[in-house]
Amino acid sequence: MATEGKGDAATTGAGTSTTIPLHRQELLKWQGWGYRDSRFFINSNGLIEFSGSRYLLSGHVLPRLKDWMFSKLHASIDNYSPSVQEPNPDYIPEPILNSSFINDFQSSLGSTVQYSSDMNDRLFHGHGHTLEEIWKLRHGGKFDRLPDWVVWPRNHSDVEKIVRLATKHNVCLIPFGGGTSVTWALLCPANEKRMIVSVDTSQMNKILYLDEKNLTARIQSGIIGQDLERELAKKGYCTGHEPDSMEFSSLGGWVATRASGMKKNVYGNIEDLVVHVTMVTPKGTIEKSCLGPRQSIGPDINHVIMGSEGTLGIVTEVTMKIRPLPACKKYGSIVFPDFESGVACLREIARLRSAPASIRLLDNEQFLFGQALATDNKGMLHSLVDNMKKLYITKIKGFDVNRMCAATLLFEGTTNEVNQREKFVYDIAQKYNGMPAGEENGLKGYTLTFMIAYLRDVGLDYRIVAESFETSVPWDRVIDLCRNVKKRIITECEKNGVKYPPFSSCRVTQTYDAGACVYFYFVMNYNDMRAGNDPVHVYELVEQAAREEVLANGGSLSHHHGVGKIRTKWIKQAVSDLGVGTMKSIKEYLDPTNIFGSQNLIPDSEEPKEQHLKAKL
(Lines of atoms letter the chains of each structure in order from A and count residues from 1; the text may use other names and numbers.)
(Lines give C-alpha, C1' and ligand atoms only; values in the text may rest on other atoms or scores of the structure.)
Protein backbone atom coordinates (compact mmCIF):
# COMPACT_ATOMS: atom_id res chain seq x y z
CA MET A 1 0.00 0.00 0.00
CA ALA A 2 1.53 3.31 -1.06
CA THR A 3 1.86 5.99 1.56
CA GLU A 4 2.76 9.58 0.94
CA GLY A 5 3.25 12.56 3.21
CA LYS A 6 2.37 16.10 2.12
CA GLY A 7 5.12 18.28 3.53
CA ASP A 8 6.13 21.59 1.93
CA ALA A 9 8.51 21.58 -1.04
CA ALA A 10 11.53 23.86 -0.77
CA THR A 11 12.61 26.31 -3.46
CA THR A 12 15.97 27.35 -4.81
CA GLY A 13 17.38 30.75 -3.97
CA ALA A 14 14.89 33.60 -3.77
CA GLY A 15 11.73 31.62 -4.38
CA THR A 16 12.77 30.01 -7.67
CA SER A 17 11.51 26.44 -8.06
CA THR A 18 13.99 23.67 -8.67
CA THR A 19 14.18 22.21 -12.18
CA ILE A 20 13.68 18.64 -10.97
CA PRO A 21 10.24 17.88 -9.48
CA LEU A 22 9.66 15.94 -6.29
CA HIS A 23 8.51 12.89 -8.24
CA ARG A 24 11.26 12.80 -10.84
CA GLN A 25 9.46 10.40 -13.16
CA GLU A 26 7.07 13.23 -14.03
CA LEU A 27 9.89 14.97 -15.95
CA LEU A 28 12.65 12.41 -16.42
CA LYS A 29 12.69 9.04 -18.17
CA TRP A 30 12.29 6.15 -15.78
CA GLN A 31 14.11 3.70 -18.09
CA GLY A 32 16.64 5.92 -19.87
CA TRP A 33 18.67 9.10 -19.72
CA GLY A 34 17.38 12.61 -19.29
CA TYR A 35 14.16 14.43 -19.99
CA ARG A 36 11.11 12.54 -21.18
CA ASP A 37 10.63 14.97 -24.08
CA SER A 38 14.22 14.66 -25.37
CA ARG A 39 15.39 11.66 -27.38
CA PHE A 40 16.93 10.48 -30.62
CA PHE A 41 14.47 8.60 -32.82
CA ILE A 42 14.01 7.51 -36.43
CA ASN A 43 11.36 9.76 -37.97
CA SER A 44 8.82 9.05 -40.72
CA ASN A 45 11.43 9.91 -43.36
CA GLY A 46 13.75 7.22 -42.06
CA LEU A 47 16.25 9.70 -40.58
CA ILE A 48 17.36 10.19 -36.99
CA GLU A 49 15.93 13.27 -35.32
CA PHE A 50 16.31 14.72 -31.83
CA SER A 51 13.06 15.72 -30.15
CA GLY A 52 12.16 18.48 -27.73
CA SER A 53 13.44 22.04 -27.47
CA ARG A 54 16.06 21.93 -24.72
CA TYR A 55 19.29 21.35 -26.63
CA LEU A 56 21.35 22.49 -29.59
CA LEU A 57 20.12 19.49 -31.61
CA SER A 58 16.49 19.70 -30.49
CA GLY A 59 14.10 19.68 -33.43
CA HIS A 60 16.91 18.91 -35.87
CA VAL A 61 17.41 15.98 -38.21
CA LEU A 62 20.84 14.34 -38.27
CA PRO A 63 20.92 13.02 -41.84
CA ARG A 64 24.15 11.06 -41.51
CA LEU A 65 23.73 9.44 -38.08
CA LYS A 66 21.59 6.47 -39.13
CA ASP A 67 23.97 5.62 -41.96
CA TRP A 68 26.85 5.70 -39.49
CA MET A 69 24.99 3.42 -37.06
CA PHE A 70 23.95 0.99 -39.76
CA SER A 71 27.25 0.89 -41.67
CA LYS A 72 29.82 1.29 -38.88
CA LEU A 73 27.98 -0.79 -36.30
CA HIS A 74 26.06 -3.08 -38.71
CA ALA A 75 22.75 -2.19 -37.08
CA SER A 76 19.52 -2.89 -38.92
CA ILE A 77 16.10 -1.29 -38.96
CA ASP A 78 14.69 -4.83 -38.77
CA ASN A 79 16.32 -5.49 -35.39
CA TYR A 80 14.10 -3.21 -33.37
CA SER A 81 14.17 -3.87 -29.64
CA PRO A 82 11.79 -1.45 -27.92
CA SER A 83 11.71 -0.72 -24.22
CA VAL A 84 8.77 -1.69 -22.05
CA GLN A 85 6.56 1.35 -21.59
CA GLU A 86 5.67 1.05 -17.93
CA PRO A 87 7.15 -0.74 -14.91
CA ASN A 88 5.62 -4.11 -14.16
CA PRO A 89 4.19 -4.09 -10.60
CA ASP A 90 4.81 -7.83 -10.37
CA TYR A 91 8.55 -7.16 -10.65
CA ILE A 92 8.62 -4.68 -7.78
CA PRO A 93 9.65 -6.42 -4.54
CA GLU A 94 7.37 -5.97 -1.56
CA PRO A 95 8.69 -3.33 0.85
CA ILE A 96 10.21 -4.30 4.16
CA LEU A 97 8.68 -1.90 6.67
CA ASN A 98 9.87 -1.10 10.18
CA SER A 99 6.68 -0.02 11.93
CA SER A 100 8.42 1.54 14.94
CA PHE A 101 10.56 3.72 12.64
CA ILE A 102 7.52 4.70 10.56
CA ASN A 103 5.50 5.64 13.64
CA ASP A 104 8.34 7.71 15.05
CA PHE A 105 8.93 9.40 11.68
CA GLN A 106 5.28 10.27 11.16
CA SER A 107 4.88 11.69 14.65
CA SER A 108 8.04 13.83 14.55
CA LEU A 109 8.53 14.67 10.87
CA GLY A 110 5.47 13.50 8.95
CA SER A 111 3.75 16.87 8.87
CA THR A 112 6.68 18.67 7.23
CA VAL A 113 8.87 16.10 5.44
CA GLN A 114 7.44 14.33 2.43
CA TYR A 115 7.71 10.56 2.24
CA SER A 116 6.50 7.82 -0.07
CA SER A 117 6.36 4.08 -0.56
CA ASP A 118 4.86 4.45 -4.03
CA MET A 119 6.14 1.83 -6.47
CA ASN A 120 7.39 4.36 -9.00
CA ASP A 121 9.22 6.46 -6.42
CA ARG A 122 10.88 3.36 -5.02
CA LEU A 123 11.94 2.15 -8.46
CA PHE A 124 13.33 5.52 -9.55
CA HIS A 125 15.44 5.73 -6.39
CA GLY A 126 16.74 2.17 -6.63
CA HIS A 127 19.11 2.49 -9.58
CA GLY A 128 21.62 4.66 -11.38
CA HIS A 129 22.61 4.77 -15.04
CA THR A 130 24.97 1.93 -15.80
CA LEU A 131 24.17 -0.18 -18.85
CA GLU A 132 23.15 -3.08 -16.61
CA GLU A 133 20.62 -1.01 -14.68
CA ILE A 134 19.07 0.62 -17.74
CA TRP A 135 18.92 -2.74 -19.55
CA LYS A 136 17.02 -4.25 -16.66
CA LEU A 137 14.52 -1.38 -16.64
CA ARG A 138 14.02 -1.52 -20.41
CA HIS A 139 13.46 -5.26 -20.48
CA GLY A 140 11.32 -5.70 -17.40
CA GLY A 141 13.97 -7.25 -15.20
CA LYS A 142 13.46 -7.60 -11.49
CA PHE A 143 15.53 -5.83 -8.87
CA ASP A 144 15.97 -8.12 -5.89
CA ARG A 145 15.91 -5.14 -3.56
CA LEU A 146 14.60 -1.57 -3.82
CA PRO A 147 14.28 1.20 -1.25
CA ASP A 148 11.25 0.55 0.91
CA TRP A 149 10.60 4.22 1.53
CA VAL A 150 11.71 7.52 -0.01
CA VAL A 151 11.94 10.66 2.14
CA TRP A 152 12.62 14.27 1.11
CA PRO A 153 14.23 16.32 3.92
CA ARG A 154 14.20 20.10 3.56
CA ASN A 155 17.24 21.07 5.60
CA HIS A 156 20.10 19.98 7.83
CA SER A 157 17.85 19.64 10.89
CA ASP A 158 15.52 17.26 9.05
CA VAL A 159 18.48 15.08 8.08
CA GLU A 160 19.75 14.98 11.67
CA LYS A 161 16.34 13.77 12.84
CA ILE A 162 16.11 11.15 10.07
CA VAL A 163 19.57 9.77 10.87
CA ARG A 164 18.81 9.67 14.61
CA LEU A 165 15.59 7.74 13.95
CA ALA A 166 17.34 5.33 11.59
CA THR A 167 20.05 4.70 14.19
CA LYS A 168 17.48 4.20 16.93
CA HIS A 169 15.45 1.68 14.89
CA ASN A 170 18.31 0.12 12.89
CA VAL A 171 17.09 1.26 9.49
CA CYS A 172 19.43 1.41 6.47
CA LEU A 173 19.81 4.79 4.74
CA ILE A 174 21.02 5.40 1.18
CA PRO A 175 21.57 9.05 0.18
CA PHE A 176 20.17 10.07 -3.21
CA GLY A 177 21.30 13.25 -4.97
CA GLY A 178 20.81 13.47 -8.72
CA GLY A 179 20.60 9.74 -9.46
CA THR A 180 23.25 9.92 -12.22
CA SER A 181 25.63 7.35 -10.70
CA VAL A 182 27.38 4.98 -13.12
CA THR A 183 28.96 2.76 -10.44
CA TRP A 184 25.98 0.80 -8.99
CA ALA A 185 26.20 3.19 -6.03
CA LEU A 186 22.39 3.42 -5.71
CA LEU A 187 21.64 -0.29 -6.01
CA CYS A 188 20.32 -1.70 -2.76
CA PRO A 189 22.39 -4.64 -1.49
CA ALA A 190 20.47 -7.84 -2.15
CA ASN A 191 21.34 -9.22 1.29
CA GLU A 192 20.02 -6.19 3.22
CA LYS A 193 17.18 -7.43 5.47
CA ARG A 194 16.50 -4.13 7.24
CA MET A 195 14.12 -1.47 6.00
CA ILE A 196 15.93 0.69 3.41
CA VAL A 197 15.12 4.39 3.18
CA SER A 198 16.31 6.45 0.23
CA VAL A 199 17.06 9.99 1.45
CA ASP A 200 16.40 12.25 -1.54
CA THR A 201 18.07 15.64 -0.98
CA SER A 202 16.42 17.39 -3.94
CA GLN A 203 14.29 19.62 -1.69
CA MET A 204 17.45 20.85 0.06
CA ASN A 205 18.15 23.20 -2.82
CA LYS A 206 18.66 26.70 -1.43
CA ILE A 207 21.64 29.02 -1.61
CA LEU A 208 21.67 29.91 2.08
CA TYR A 209 23.89 32.93 1.70
CA LEU A 210 26.31 34.54 -0.74
CA ASP A 211 29.38 36.26 0.70
CA GLU A 212 30.62 38.75 -1.88
CA LYS A 213 33.54 39.93 0.26
CA ASN A 214 35.04 36.46 0.60
CA LEU A 215 33.66 35.11 -2.70
CA THR A 216 31.98 32.12 -1.12
CA ALA A 217 28.44 30.78 -1.00
CA ARG A 218 26.80 28.47 1.54
CA ILE A 219 24.57 26.04 -0.35
CA GLN A 220 22.30 23.14 0.54
CA SER A 221 23.66 19.90 -0.88
CA GLY A 222 20.64 18.82 -2.91
CA ILE A 223 20.78 21.67 -5.40
CA ILE A 224 21.13 20.51 -9.01
CA GLY A 225 24.07 21.87 -11.00
CA GLN A 226 22.05 23.80 -13.56
CA ASP A 227 19.92 25.40 -10.82
CA LEU A 228 23.01 26.40 -8.84
CA GLU A 229 24.64 28.12 -11.82
CA ARG A 230 21.41 29.81 -12.86
CA GLU A 231 20.77 31.24 -9.39
CA LEU A 232 24.36 32.40 -8.92
CA ALA A 233 24.31 34.01 -12.36
CA LYS A 234 21.42 36.23 -11.24
CA LYS A 235 23.85 37.74 -8.74
CA GLY A 236 26.68 37.90 -11.26
CA TYR A 237 28.62 34.83 -10.06
CA CYS A 238 29.34 31.20 -10.91
CA THR A 239 31.18 28.20 -9.49
CA GLY A 240 32.40 27.13 -12.93
CA HIS A 241 31.86 23.46 -12.05
CA GLU A 242 30.35 21.80 -15.12
CA PRO A 243 30.43 18.01 -15.11
CA ASP A 244 28.79 16.29 -18.09
CA SER A 245 25.83 15.49 -15.82
CA MET A 246 25.34 19.01 -14.42
CA GLU A 247 21.73 19.17 -15.64
CA PHE A 248 20.78 16.38 -13.22
CA SER A 249 23.60 15.80 -10.70
CA SER A 250 23.67 17.49 -7.30
CA LEU A 251 26.24 19.39 -5.28
CA GLY A 252 26.18 16.69 -2.59
CA GLY A 253 26.81 14.05 -5.22
CA TRP A 254 29.79 16.00 -6.54
CA VAL A 255 31.28 16.08 -3.04
CA ALA A 256 30.51 12.42 -2.32
CA THR A 257 32.20 11.21 -5.53
CA ARG A 258 35.06 13.76 -5.80
CA ALA A 259 33.68 15.08 -9.07
CA SER A 260 35.46 16.92 -11.86
CA GLY A 261 34.07 19.46 -14.31
CA MET A 262 34.86 20.29 -17.91
CA LYS A 263 36.19 23.75 -16.97
CA LYS A 264 38.45 22.61 -14.15
CA ASN A 265 41.52 24.30 -15.70
CA VAL A 266 40.18 27.68 -14.56
CA TYR A 267 37.86 26.80 -11.69
CA GLY A 268 39.33 23.59 -10.30
CA ASN A 269 37.86 20.22 -9.39
CA ILE A 270 35.37 19.87 -6.55
CA GLU A 271 38.16 19.52 -3.98
CA ASP A 272 39.54 22.88 -5.13
CA LEU A 273 36.14 24.59 -4.86
CA VAL A 274 35.02 23.30 -1.46
CA VAL A 275 35.80 25.48 1.57
CA HIS A 276 33.60 23.80 4.17
CA VAL A 277 31.37 20.71 4.30
CA THR A 278 28.73 19.64 6.80
CA MET A 279 27.83 15.95 6.98
CA VAL A 280 25.43 14.14 9.30
CA THR A 281 26.67 10.75 10.51
CA PRO A 282 25.18 8.24 12.97
CA LYS A 283 27.61 9.64 15.57
CA GLY A 284 26.53 13.24 14.93
CA THR A 285 27.42 16.12 12.62
CA ILE A 286 30.99 16.41 11.36
CA GLU A 287 32.42 19.69 10.08
CA LYS A 288 35.26 22.14 10.65
CA SER A 289 34.86 25.13 12.95
CA CYS A 290 36.51 27.67 10.64
CA LEU A 291 35.92 28.89 7.09
CA GLY A 292 39.53 29.93 6.56
CA PRO A 293 40.93 29.29 3.07
CA ARG A 294 43.52 26.78 4.32
CA GLN A 295 44.22 25.11 7.64
CA SER A 296 47.04 22.98 9.03
CA ILE A 297 45.11 20.95 11.58
CA GLY A 298 45.98 17.38 10.73
CA PRO A 299 44.42 15.28 7.95
CA ASP A 300 41.76 17.31 6.19
CA ILE A 301 38.29 16.32 7.42
CA ASN A 302 36.82 17.64 4.17
CA HIS A 303 38.79 14.96 2.35
CA VAL A 304 37.35 12.26 4.59
CA ILE A 305 33.91 13.40 3.47
CA MET A 306 34.77 13.93 -0.20
CA GLY A 307 34.76 10.61 -2.01
CA SER A 308 32.95 8.77 0.81
CA GLU A 309 30.15 7.81 -1.61
CA GLY A 310 27.33 7.78 0.94
CA THR A 311 29.00 5.27 3.25
CA LEU A 312 29.59 7.59 6.21
CA GLY A 313 26.65 9.98 6.24
CA ILE A 314 24.67 12.59 4.33
CA VAL A 315 26.25 15.83 3.11
CA THR A 316 23.78 18.60 3.97
CA GLU A 317 25.53 21.93 3.34
CA VAL A 318 28.61 23.01 1.38
CA THR A 319 30.45 26.32 1.35
CA MET A 320 31.99 26.81 -2.09
CA LYS A 321 34.25 29.32 -3.77
CA ILE A 322 32.50 31.46 -6.34
CA ARG A 323 33.79 33.79 -9.04
CA PRO A 324 32.34 36.70 -10.96
CA LEU A 325 30.82 35.62 -14.25
CA PRO A 326 33.48 35.77 -16.97
CA ALA A 327 33.27 38.90 -19.10
CA CYS A 328 34.30 36.96 -22.18
CA LYS A 329 33.61 33.41 -23.34
CA LYS A 330 34.99 32.09 -26.59
CA TYR A 331 34.97 28.65 -28.20
CA GLY A 332 37.57 27.22 -30.54
CA SER A 333 38.82 24.04 -32.15
CA ILE A 334 42.03 22.61 -33.59
CA VAL A 335 42.66 19.71 -35.96
CA PHE A 336 45.84 17.67 -35.72
CA PRO A 337 47.34 15.24 -38.23
CA ASP A 338 47.18 12.43 -35.66
CA PHE A 339 46.39 11.63 -32.03
CA GLU A 340 50.06 11.57 -31.02
CA SER A 341 50.51 15.18 -32.15
CA GLY A 342 47.39 16.24 -30.30
CA VAL A 343 48.49 14.59 -27.05
CA ALA A 344 51.95 16.18 -27.34
CA CYS A 345 50.32 19.59 -27.83
CA LEU A 346 48.03 19.18 -24.81
CA ARG A 347 50.99 18.07 -22.72
CA GLU A 348 52.94 21.19 -23.71
CA ILE A 349 49.98 23.45 -22.97
CA ALA A 350 49.63 21.84 -19.54
CA ARG A 351 53.37 22.10 -18.87
CA LEU A 352 53.30 25.82 -19.59
CA ARG A 353 50.11 26.21 -17.53
CA SER A 354 48.42 27.95 -20.41
CA ALA A 355 45.35 25.74 -20.78
CA PRO A 356 41.97 27.31 -21.59
CA ALA A 357 39.02 26.62 -19.29
CA SER A 358 38.34 23.43 -21.25
CA ILE A 359 40.43 21.56 -23.78
CA ARG A 360 39.40 18.10 -24.96
CA LEU A 361 41.08 15.96 -27.58
CA LEU A 362 39.08 13.45 -29.64
CA ASP A 363 40.81 10.50 -31.28
CA ASN A 364 40.22 9.72 -34.97
CA GLU A 365 37.29 7.40 -34.28
CA GLN A 366 35.44 10.12 -32.38
CA PHE A 367 36.49 12.75 -34.90
CA LEU A 368 34.84 10.75 -37.69
CA PHE A 369 31.82 10.02 -35.52
CA GLY A 370 31.44 13.77 -35.01
CA GLN A 371 30.72 14.11 -38.72
CA ALA A 372 27.67 11.89 -38.24
CA LEU A 373 26.27 14.25 -35.60
CA ALA A 374 26.05 17.20 -37.96
CA THR A 375 22.56 18.65 -38.44
CA ASP A 376 23.27 19.11 -42.16
CA ASN A 377 25.75 17.53 -44.52
CA LYS A 378 28.59 19.65 -43.16
CA GLY A 379 30.49 17.97 -40.38
CA MET A 380 33.73 19.36 -39.03
CA LEU A 381 35.68 18.00 -41.98
CA HIS A 382 33.32 19.57 -44.50
CA SER A 383 33.34 22.96 -42.79
CA LEU A 384 37.10 22.82 -42.95
CA VAL A 385 36.74 22.52 -46.69
CA ASP A 386 34.85 25.82 -46.65
CA ASN A 387 37.30 27.57 -44.35
CA MET A 388 40.73 26.24 -45.19
CA LYS A 389 40.43 24.25 -48.39
CA LYS A 390 40.60 20.49 -48.36
CA LEU A 391 43.42 20.51 -50.88
CA TYR A 392 45.62 22.46 -48.48
CA ILE A 393 44.89 20.12 -45.57
CA THR A 394 45.27 16.80 -47.32
CA LYS A 395 47.77 17.51 -50.08
CA ILE A 396 50.02 20.26 -48.79
CA LYS A 397 49.78 19.61 -45.06
CA GLY A 398 49.50 15.86 -45.61
CA PHE A 399 46.64 15.23 -43.19
CA ASP A 400 45.06 11.78 -43.54
CA VAL A 401 41.31 11.78 -42.88
CA ASN A 402 41.64 8.36 -41.26
CA ARG A 403 44.26 9.59 -38.77
CA MET A 404 43.19 13.16 -38.05
CA CYS A 405 41.94 14.13 -34.63
CA ALA A 406 40.47 17.30 -33.16
CA ALA A 407 40.47 19.33 -29.96
CA THR A 408 37.60 21.50 -28.79
CA LEU A 409 38.38 24.58 -26.69
CA LEU A 410 36.58 26.96 -24.37
CA PHE A 411 38.25 30.16 -23.16
CA GLU A 412 36.82 32.18 -20.26
CA GLY A 413 37.99 35.33 -18.49
CA THR A 414 38.40 38.99 -19.29
CA THR A 415 38.55 39.90 -22.96
CA ASN A 416 42.28 40.54 -22.66
CA GLU A 417 42.90 37.23 -20.86
CA VAL A 418 40.92 35.29 -23.46
CA ASN A 419 42.71 36.94 -26.37
CA GLN A 420 46.14 36.33 -24.86
CA ARG A 421 45.39 32.72 -23.91
CA GLU A 422 43.83 32.00 -27.28
CA LYS A 423 46.89 33.26 -29.17
CA PHE A 424 49.22 31.33 -26.87
CA VAL A 425 47.31 28.04 -27.33
CA TYR A 426 47.10 28.34 -31.12
CA ASP A 427 50.80 29.22 -31.31
CA ILE A 428 51.65 26.06 -29.36
CA ALA A 429 49.30 24.01 -31.54
CA GLN A 430 51.10 25.23 -34.65
CA LYS A 431 54.34 23.71 -33.33
CA TYR A 432 52.57 20.33 -33.42
CA ASN A 433 51.03 20.88 -36.87
CA GLY A 434 47.68 21.78 -35.39
CA MET A 435 45.40 24.04 -37.41
CA PRO A 436 42.53 26.22 -36.11
CA ALA A 437 39.14 24.81 -37.11
CA GLY A 438 36.78 27.56 -36.04
CA GLU A 439 34.60 28.67 -33.14
CA GLU A 440 31.46 26.91 -34.39
CA ASN A 441 33.06 23.48 -34.12
CA GLY A 442 34.23 24.27 -30.60
CA LEU A 443 30.74 25.36 -29.56
CA LYS A 444 29.15 22.25 -31.05
CA GLY A 445 31.74 19.99 -29.47
CA TYR A 446 31.22 21.46 -26.02
CA THR A 447 27.43 21.61 -26.03
CA LEU A 448 27.03 18.16 -27.61
CA THR A 449 28.53 16.77 -24.42
CA PHE A 450 25.16 17.15 -22.71
CA MET A 451 23.38 15.18 -25.46
CA ILE A 452 25.77 12.24 -25.89
CA ALA A 453 24.16 10.17 -23.12
CA TYR A 454 20.86 10.20 -25.04
CA LEU A 455 22.50 8.22 -27.85
CA ARG A 456 22.64 5.06 -25.75
CA ASP A 457 18.85 4.84 -25.67
CA VAL A 458 18.40 4.92 -29.45
CA GLY A 459 21.26 2.42 -29.72
CA LEU A 460 19.48 0.03 -27.38
CA ASP A 461 16.39 0.34 -29.59
CA TYR A 462 18.42 -1.38 -32.34
CA ARG A 463 20.40 -3.94 -30.32
CA ILE A 464 23.44 -1.77 -29.73
CA VAL A 465 24.90 -1.44 -26.26
CA ALA A 466 27.18 1.45 -25.34
CA GLU A 467 29.04 2.60 -22.28
CA SER A 468 31.91 4.83 -21.20
CA PHE A 469 34.53 4.67 -18.47
CA GLU A 470 37.37 6.94 -17.42
CA THR A 471 40.79 6.97 -15.85
CA SER A 472 43.67 9.30 -15.10
CA VAL A 473 47.17 8.48 -16.28
CA PRO A 474 50.66 10.06 -16.31
CA TRP A 475 51.54 11.89 -19.53
CA ASP A 476 54.23 9.43 -20.58
CA ARG A 477 51.69 6.60 -20.63
CA VAL A 478 48.73 8.28 -22.33
CA ILE A 479 49.46 7.05 -25.86
CA ASP A 480 50.23 3.47 -24.84
CA LEU A 481 47.22 3.26 -22.55
CA CYS A 482 44.82 4.59 -25.19
CA ARG A 483 46.14 2.25 -27.86
CA ASN A 484 46.25 -0.85 -25.64
CA VAL A 485 42.83 -0.39 -24.05
CA LYS A 486 41.12 0.15 -27.41
CA LYS A 487 42.81 -2.97 -28.79
CA ARG A 488 41.84 -4.95 -25.70
CA ILE A 489 38.18 -4.02 -26.17
CA ILE A 490 38.26 -5.29 -29.74
CA THR A 491 40.06 -8.50 -28.76
CA GLU A 492 37.70 -9.25 -25.89
CA CYS A 493 34.65 -8.74 -28.12
CA GLU A 494 36.01 -11.30 -30.58
CA LYS A 495 36.83 -13.65 -27.73
CA ASN A 496 33.28 -13.45 -26.38
CA GLY A 497 31.49 -14.12 -29.64
CA VAL A 498 30.59 -10.60 -30.74
CA LYS A 499 30.11 -10.91 -34.49
CA TYR A 500 30.65 -7.30 -35.56
CA PRO A 501 33.69 -5.12 -34.75
CA PRO A 502 32.92 -2.75 -31.86
CA PHE A 503 33.35 1.01 -31.84
CA SER A 504 36.28 1.58 -29.50
CA SER A 505 37.44 5.16 -29.01
CA CYS A 506 38.77 7.64 -26.48
CA ARG A 507 39.24 11.31 -25.73
CA VAL A 508 41.49 13.27 -23.40
CA THR A 509 39.10 15.39 -21.33
CA GLN A 510 41.12 17.04 -18.54
CA THR A 511 44.78 17.91 -18.31
CA TYR A 512 47.14 18.35 -15.37
CA ASP A 513 50.83 19.05 -14.80
CA ALA A 514 51.53 15.36 -14.31
CA GLY A 515 48.97 13.67 -16.55
CA ALA A 516 45.48 13.61 -18.00
CA CYS A 517 42.02 12.15 -17.71
CA VAL A 518 41.10 9.79 -20.55
CA TYR A 519 37.51 8.82 -21.34
CA PHE A 520 36.86 5.59 -23.26
CA TYR A 521 33.74 4.84 -25.29
CA PHE A 522 32.72 1.30 -26.18
CA VAL A 523 29.80 0.52 -28.53
CA MET A 524 28.85 -3.05 -29.48
CA ASN A 525 26.21 -4.58 -31.76
CA TYR A 526 24.97 -7.68 -29.95
CA ASN A 527 22.82 -9.01 -32.81
CA ASP A 528 23.90 -12.45 -34.10
CA MET A 529 26.19 -12.84 -31.11
CA ARG A 530 27.32 -16.33 -30.24
CA ALA A 531 24.33 -18.38 -29.10
CA GLY A 532 23.61 -18.20 -25.39
CA ASN A 533 25.69 -15.11 -24.73
CA ASP A 534 23.86 -12.46 -22.74
CA PRO A 535 24.84 -9.00 -24.10
CA VAL A 536 24.98 -7.38 -20.66
CA HIS A 537 27.20 -10.16 -19.32
CA VAL A 538 29.45 -9.93 -22.37
CA TYR A 539 29.69 -6.17 -21.98
CA GLU A 540 30.65 -6.63 -18.34
CA LEU A 541 33.38 -9.11 -19.25
CA VAL A 542 34.77 -6.71 -21.86
CA GLU A 543 34.62 -3.74 -19.51
CA GLN A 544 36.38 -5.67 -16.76
CA ALA A 545 39.12 -6.72 -19.15
CA ALA A 546 39.47 -3.11 -20.31
CA ARG A 547 39.71 -1.98 -16.69
CA GLU A 548 42.44 -4.53 -16.05
CA GLU A 549 44.26 -3.16 -19.09
CA VAL A 550 43.90 0.39 -17.76
CA LEU A 551 45.47 -0.59 -14.46
CA ALA A 552 48.22 -2.58 -16.15
CA ASN A 553 49.11 0.49 -18.22
CA GLY A 554 49.44 2.77 -15.22
CA GLY A 555 45.94 4.25 -15.18
CA SER A 556 43.86 4.95 -12.08
CA LEU A 557 40.77 3.02 -11.01
CA SER A 558 38.69 6.17 -11.56
CA HIS A 559 39.22 9.86 -12.22
CA HIS A 560 35.81 11.19 -11.18
CA HIS A 561 33.09 8.53 -11.46
CA GLY A 562 34.04 6.89 -8.18
CA VAL A 563 34.05 3.25 -7.10
CA GLY A 564 30.50 2.42 -6.00
CA LYS A 565 29.99 -1.32 -5.94
CA ILE A 566 31.04 -1.95 -9.52
CA ARG A 567 34.78 -1.46 -8.89
CA THR A 568 35.29 -2.61 -5.30
CA LYS A 569 37.16 -5.70 -6.52
CA TRP A 570 40.07 -3.40 -7.46
CA ILE A 571 40.06 -1.06 -4.45
CA LYS A 572 42.86 -2.84 -2.57
CA GLN A 573 45.00 -2.73 -5.70
CA ALA A 574 44.26 0.99 -5.97
CA VAL A 575 44.87 2.12 -2.37
CA SER A 576 46.62 -0.88 -0.69
CA ASP A 577 45.46 -3.11 2.17
CA LEU A 578 46.37 -0.42 4.69
CA GLY A 579 44.37 2.13 2.71
CA VAL A 580 41.29 -0.08 2.80
CA GLY A 581 41.89 -0.75 6.49
CA THR A 582 42.00 2.98 7.18
CA MET A 583 38.71 3.51 5.35
CA LYS A 584 37.14 0.66 7.29
CA SER A 585 38.32 2.13 10.58
CA ILE A 586 36.72 5.48 9.79
CA LYS A 587 33.52 3.70 8.76
CA GLU A 588 33.43 1.66 11.97
CA TYR A 589 33.93 4.74 14.13
CA LEU A 590 31.38 7.00 12.44
CA ASP A 591 28.83 4.29 11.59
CA PRO A 592 29.35 1.29 13.88
CA THR A 593 25.96 -0.29 13.09
CA ASN A 594 26.23 0.30 9.32
CA ILE A 595 23.24 2.62 9.04
CA PHE A 596 24.66 3.84 5.72
CA GLY A 597 24.70 0.32 4.34
CA SER A 598 25.03 0.88 0.60
CA GLN A 599 28.21 -1.25 0.56
CA ASN A 600 29.88 1.24 -1.77
CA LEU A 601 33.63 1.76 -1.93
CA ILE A 602 34.69 -0.76 0.72
CA PRO A 603 34.48 -4.41 -0.39
CA ASP A 604 32.08 -6.62 1.52
CA SER A 605 33.60 -10.06 1.94
CA GLU A 606 30.19 -11.61 2.57
CA GLU A 607 28.67 -10.61 -0.75
CA PRO A 608 30.37 -11.01 -4.13
CA LYS A 609 30.08 -8.10 -6.56
CA GLU A 610 27.90 -10.11 -8.93
CA GLN A 611 25.18 -10.48 -6.29
CA HIS A 612 24.34 -6.78 -6.41
CA LEU A 613 22.74 -7.07 -9.83
CA LYS A 614 21.02 -10.41 -10.53
CA ALA A 615 18.91 -10.08 -13.64
CA LYS A 616 15.59 -11.93 -13.68
CA LEU A 617 14.34 -11.34 -17.18
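Glycine is no exception: its Cβ is also placed from the backbone N, Cα and C atoms.
Residues or ranges marked as domain 'FAD-binding PCMH-type' in TrEMBL: 143-325.
Non-local contacts of S181 (FAD binding site) by the CB criterion (under 8 A, 6+ apart in sequence, same chain) comprise G128, H129, T130, G253, T257, G562, G564. Per TrEMBL, the feature FAD binding site maps to 175-181, 257-260, 309-315.
Sequence annotations record features per position, and here TrEMBL assigns site 'Important for enzyme activity' to R360.
Among the features that TrEMBL reports, substrate binding site is placed at R456. In this view, R456 (substrate binding site) is surrounded by 21 other Cβ atoms within 10 Å of its Cβ, with every protein chain counted.
Cβ contacts within 10 Å of Y519 (active site, proton donor/acceptor), excluding its own Cβ and spanning all protein chains shown: 21. Per TrEMBL, active site, proton donor/acceptor is recorded for Y519.
Within its own chain, R360 (site 'Important for enzyme activity') has M262, A407, T408, G445, R507, V508, T509 as residues 6 or more apart in sequence whose C-beta sits under 8 angstroms from its own. Counting only the Cα atoms, the space from R456 (substrate binding site) to G310 (FAD binding site) is about 27 angstrom. A count of other CB atoms within 10 A of each Cβ picks out P175 as the most crowded of the binding-site residues P175, G178. The separation of Y519 (active site, proton donor/acceptor) from A259 (FAD binding site), Cα to Cα, is 14 Å. Other Cβ atoms within 10 Å of the Cβ of A259 (FAD binding site) number 26 in total over all chains. Looking just at the domain 'FAD-binding PCMH-type' (143-325), the mean pLDDT is 97. Taking a C-beta cut-off of under 8 Å and a sequence gap of six or more, G310 (FAD binding site) has these contacts in its own chain: I174, P175, A185, A256, F596, S598, N600.
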